[in-house]
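Student: According to TrEMBL, the protein has these features:
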| type | residues | note |
| --- | --- | --- |
| COMPBIAS | B:662-674 | compositional bias 'Basic residues' |
| COMPBIAS | B:856-867 | compositional bias 'Polar residues' |
| DOMAIN | B:56-457 | domain 'Cation/H+ exchanger transmembrane' |
| REGION | B:658-694 | region 'Disordered' |
| REGION | B:842-868 | region 'Disordered' |
| SIGNAL | B:1-18 | signal peptide |
| TRANSMEM | B:48-68 | transmembrane segment |
| TRANSMEM | B:80-97 | transmembrane segment |
| TRANSMEM | B:109-125 | transmembrane segment |
| TRANSMEM | B:137-159 | transmembrane segment |
| TRANSMEM | B:171-195 | transmembrane segment |
| TRANSMEM | B:204-225 | transmembrane segment |
| TRANSMEM | B:245-269 | transmembrane segment |
| TRANSMEM | B:336-354 | transmembrane segment |
| TRANSMEM | B:366-387 | transmembrane segment |
| TRANSMEM | B:399-419 | transmembrane segment |
| TRANSMEM | B:431-451 | transmembrane segment |
Amino acid sequence: MGNEASYPTEMCSHFNHDEIKRLSKRFKKLDLDCSGSLSVDEFLSLPELRQNPLVQRVIDVFDTDGNGEVDFEEFVVGTSQFSVRGDEEQKLRFAFSIYDMDKDGYISNGELFQVLKMMVGNNLQDWQLQQIVDKTIIILDRDGDGRISFEEFSAVVGNLEVHKKLVVIV
Amino acid sequence: MRCAALPLLWLPLAGAAATEEPTREPGSPGEPPPGLALFRWQWHEVEAPYLVALWILVASLAKIVFHLSRKVTSLVPESCLLILLGLVLGGIVLAVAKKAEYQLEPGTFFLFLLPPIVLDSGYFMPSRLFFDNLGAILTYAVVGTLWNAFTTGAALWGLQQAGLVAPRVQASLLDFLLFGSLISAVDPVAVLAVFEEVHVNDTLFIIVFGESLLNDAVTVVLYKVCNSFVEMGSANVQATDYLKGVASLFVVSLGGAAVGLVFAFLLALTTRFTKRVRIIEPLLVFLLAYAAYLTAEMASLSAILAVTMCGLGCKKYVEANISHKSRTAVKYTMKTLASCAETVIFMLLGISAVDSSKWAWDSGLVLGTLFFILFFRALGVVLQTWVLNQFRLVPLDKIDQVVMSYGGLRGAVAFALVILLDKTKVPAKDYFVATTIVVVFFTVIVQGLTIKPLVKWLKVKRSEHHKPTLNQELHEHTFDHILAAVEDVVGHHGYHYWRDRWEQFDKKYLSQLLMRRSAYRIRDQIWDVYYRLNIRDAISFVDQGGHILSSTGLTLPSMPSRNSMAETSVTNLLRESGSGACLDLQVIDTVRSGRDREDAVMHHLLCGGLYKPRRRYKASCSRHFISEDAQERQDKEVFQQNMKRRLESFKSTKHNICFTKSKPRPRKTSRKKKDGLANTEATNGKPPRNLSVQDTAAVILTVESEEEEESDSSETEKEDDEGIIFVARATSEVLQEVKVSGSLEVCPSPRIIPPSPTCAEKELPWKSGQGDLAVYVSSETTKIVPVDMQTGWNQSISSLESLASPPCTQAPTVTRLPPCPLAAEEPQHPFNLPYDPRPSFAFPPSLAKAGRSRSESSADIPQQQELQPLMGYEDRTHLSPGTANSHWCIQFNKGSRL
């Protein structure tokens with residue numbers, strides 16, 4: 001795991017020195033106003049990011065302290081969840097928090113709807129989407145409270161093994 | 001078992017023997033011309049195709065015999081059995097004819113037997129899995145094959161130098177490299193045959209199998225290069241030739257892939273225009289894929305790669321373009337051809353091995369080759385996996401590596417290539433042939449036999465077969481987007497980045513170019529999966545039969561309709577207009593229609609003007625179409641008329657509306673006729689459910705159906721309903737209605753056969769008057785809404801929506817159960833993305849249960865009530881709290897008459 005020691009412990013990530021160096025270069029490139037943190041606008045300055053329906057969610061998840069900006073530490077910790085060396089639960093957590101918009105630890109019907117809405121855009125009608133959301137929730141919801149906890153989420157999604165693909169090479 | 005197959009053998013032999021006589025007969029000069037022969041024996045004219053057909057027949061019958069015993073096939077892979085059968089057959093032919101006939105000819109093999117197998121595997125390759133593991137597959141295919149070829153060749157040469165190979169085997173280093181190149185490639189046919197029975201997990205399978213397909217290019221190049229080097233003589237080979245050899249690797253592989261992609265493009269484009277000649281769709285698929293194979297072969301590119309890419313590339317578009325029936329045809333034909341070719345290949349392999357004139361044995365060479373093959377394969381796999389694992393989140397562990405090494409089966413490709421060697425240039429050909437045969441037999445039989453127990457013993461993760469679930473589809477999409485986003489953020493343009501790009505490109509240009517507009521528009525995977533799930537549910541309900549639920553969902557039908565023959569854009573319309581095209585059955589059964597009386601009145605009115613269906617029998621003899629059932633057409637007409645009329649009246653009433661699908665039914669007398677008419681009825685009055693377009697599916701319940709059930713005709717066929725009835729009723733009246741507890745009350749009528757109308761009949765006019773129809777559990781009922789209705793439909797919807805806005809109009813009575821916050825979400829609302837603080841909707845605990853268990857029609861209302869939120873989204877808006885009473889019952893009679 002490389003030279004983690006040379007970084008503050010709270011920055012403990014799965015990256016080695018080289019990777020962090022590369023990330024910091026990248027970070028500086030993205031940080032157009034040199035403020036030391038990335039705002040949504042700065043992210044969206046990348047044309048390819050603008051097309052990604054979930055980029056807003058990803059930024060939100062990166063932004064752990066909720067100040068609307070992603071600083072370098074958040075940046076490293078966020079991306080480190082996608083490291084090859086990251087563990088599976090971490091990746092599942094990340095996916096879960098993509099859906100969990102209000103960060104209350106549960107995915108509600110409305111949250112799921114909104115996330116899916118971002119993904120399908122105008123391909124589906126709202127009512128179609130709502131049907132899908134309802135059905136998904138029924139399937140996932142084990143305890144019948146109408147929302148999905150992380151345990152419920154990981155029970156089903158973990159089995160699909162899709163999260164194992166969540167790897168990005170930095 | 002095998003004995004049973006034996007007599008069959010005699011068929012071709014007897015045929016062959018028969019050749020002699022008849023040929024002589026017409027030729028004998030002395031006899032007078034026989035005049036008009038009553039009977040002529042013309043064996044020689046049909047000999048070739050006849051023998052081919054007979055061999056295939058023998059092989060197929062043998063397969064049947066093998067599968068009579070489950071025990072045998074579970075222990076022994078079919079390929080082993082076929083090879084053994086081939087050996088036996090070959091022995092018999094040899095004994096009878098005194099010479100070996102029927103060889104596996106390389107020409108036949110490469111031109112006719114191999115293409116169907118490769119096409120089948122390319123076309124049905126799980127493309128996502130394939131591309132996700134492309135890196136690993138390519139590594140094993142290219143590096144692995146090169147490694148195997150060179151190490152094996154060199155090691156054999158070393159063996160010869162060491163004196164362990166008899167001096168009779170005259171071969172130079174180049175000869176051994178040539179041999180190494182042909183023996184090193186893992187064979188797709190053998191791998192497929194064995195691994196399909198082993199069911200290892202998907203990743204492992206795709207890696208081994210993908211490797212076997214892609215290494216063809218490498219094998220072809222190596223083989224050709226070595227072969228030409230050998231022919232030139234090693235002395236004449238110059239440095240540039242080596243460079244050319246390397247270059248040709250790229251030319252052959254990329255060229256092959258390019259040829260495949262070009263043909264895939266052509267194929268997709270062609271199928272876009274086959275709307276009027278559905279019948280040739282499957283043919284096109286085969287023709288163009290075969291053309292790709294032949295073209296690549298002609299240009300001496302990698303033909304296997306070409307067909308694989310063709311199948312892989314065209315599938316998405318072709319499947320979207322061709323009709324449902326064509327898809328089935330393609331699937332089965334492809335599987336049949338592939339299985340047939342595979343069977344023949346293995347059997348011929350066995351037969352060819354008998355011909356001892358072609359081979360010469362050398363123990364040193366054979367044993368050495370066997371050992372090196374296994375050893376270097378294992379070594380190569382371990383080394384490559386070690387490298388690859390640096391980049392994989394889920395590393396290939398030791399067990400996977402064992403299976404991968406052990407699964408490196410050699411097969412018919414190697415055999416065909418070795419037969420192709422030129423004996424004058426390669427003096428040791430006979431030894432190579434013998435060695436190849438042994439290697440092939442060893443890998444297919446010994447490894448094939450043992451791999452299953454090995455996999456079990458090592459506890460290799462097996463593949464679980466699960467159908468795609470909604471969750472999987474959803475989350476895969478989400479994860480893909482997440483990955484692409486993170487890659488973008490990190491600035492690493494990796495696999496996901498390019499996939500994302502590709503998808504954008506595909507969506508923007510390719511799909512539009514290659515897919516029919518109708519197919520393109522409705523293509524959304526998530527929705528597809530959702531659809532399939534619902535249909536599966538529906539089918540299982542029907543199968544269980546017990547419960548009668550009907551759904552308007554009968555939308556069932558609408559599913560395949562995407563590409564179905566009646567390509568009216570009915571389905572499009574449905575999807576677009578948001579009608580109840582896809583109803584979730586789990587939801588439906590809890591819904592019930594709330595109005596009857598009004599409906600009844602309305603229907604009486606309507607009924608007068610309804611078009612009365614009449615059967616027309618049309619001879620359908622067009623060779624270019626499988627004509628849709630006359631019936632279907634008729635239904636459509638009827639339906640359209642009904643719709644028009646109803647819409648009009650509907651607009652005028654502008655009141656609570658619901659539409660049910662139904663169609664007029666023919667009289668009982670006409671039972672024999674099949675009518676796919678459906679009828680669904682809205683039943684008794686309940687407080688009006690304020691209109692909802694989608695939930696429209698109101699239908700009925702039916703207790704009353706006793707009568708019908710027995711008569712098995714009348715209501716039974718309801719299930720196929722297709723039609724839509726709009727029911728409008730005055731609100732005021734509705735109010736009066738007391739809540740109805742269940743369907744039971746609705747139709748209390750005892751079963752009386754013809755005369756006395758059930759109450760439903762009284763109330764629902766369309767019910768009476770129509771006899772039963774034959775049940776028609778049609779597989780696909782495609783029609784839903786006629787196209788031309790679309791505009792009218794949309795208008796009316798909008799008018800309804802406007803109506804709905806003033807709360808007072810609607811639902812006076814309603815009380816909605818607690819989870820109503822959902823109502824807050826207005827459909828029309830543009831969605832504010834991220835931070836929309838909408839109240840989250842929670843399902844009452846009972847909900848899930850209610851949703852799943854099809855409760856009796858009378859099921860408790862509250863529960864069902866709760867399900868309502870599940871209905872169409874727009875619907876929700878109109879629901880006002882307190883619809884408690886309203887309750888739609890739906891009945892789904894199982895068509896018993898079929």
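Residue positions begin at 1 at the first shown residue.
A Cβ is built for glycine as well, from the same backbone N, Cα and C atoms used for every other residue.
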Student: Are the transmembrane segment (B:48-68) and the transmembrane segment (B:399-419) close, by which I mean at least 3 Cβ pairs under 8 Å that are 6+ residues apart in sequence?
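Tutor: Touching, no - the transmembrane segment (B:48-68) and the transmembrane segment (B:399-419) miss the threshold of 3 or more Cβ pairs under 8 Å.
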Student: Please work out whether the transmembrane segment (B:137-159) lies in contact with the transmembrane segment (B:336-354), by counting C-beta pairs under 8 angstroms that are 6 or more apart in sequence and asking whether there are at least 3.
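Tutor: Not in contact, no.
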Student: Give residue numbers and ranges for long-range contacts of the transmembrane segment (B:431-451): same chain, 6 or more residues beyond its ends, CB-CB under 8 A.
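Tutor: Hits for the transmembrane segment (B:431-451): 75-77, 79-80, 83-84, 168-169, 171, 179, 182-183, 190, 193-194, 198, 346, 349, 352-353, 358-362, 365-366, 369-370, 373, 403, 406-412, 414-415, 418-419, 421.
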Student: Using a Cβ cut-off under 8 Å, which residues of the same chain at least 6 positions beyond either end of the transmembrane segment (B:399-419) come close to it?
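Tutor: Distant Cβ neighbours of the transmembrane segment (B:399-419) are 103-106, 109-110, 113-114, 140, 179, 182-183, 185-191, 194-195, 200, 204, 207-208, 216, 219, 223, 345-346, 349, 352, 358, 373-374, 377-378, 381-382, 385, 429, 432-433, 436-437, 439-440, 443-444, 447-448, 451, 454-455, 458-460.
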Student: Sequence-remote contacts (6 or more beyond its ends) of the transmembrane segment (B:171-195), Cβ cut-off under 8 Å?
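Tutor: For the transmembrane segment (B:171-195), the sequence-distant neighbours (Cβ-Cβ under 8 Å, at least 6 residues beyond its ends) are 77-79, 114, 117-118, 121, 145, 148-154, 156-157, 160, 205, 208-209, 211-213, 215-216, 218-219, 222-223, 226-227, 229-230, 234, 304, 342, 345-346, 369, 373, 407-414, 417-418, 421, 426-428, 431-432, 435-436, 439-440, 443-444, 447-448, 451.
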Student: Counting only CB pairs under 8 A, let me know which of B:80-97, B:245-269, B:336-354, B:366-387 has the most with the transmembrane segment (B:109-125).
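Tutor: The stretch I would name here is B:336-354.
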Student: Restricting to CB pairs under 8 Å, which listed stretch, B:80-97, B:245-269, B:366-387, is in contact most with the transmembrane segment (B:336-354)?
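Tutor: Per the Cβ count, the answer is B:80-97.
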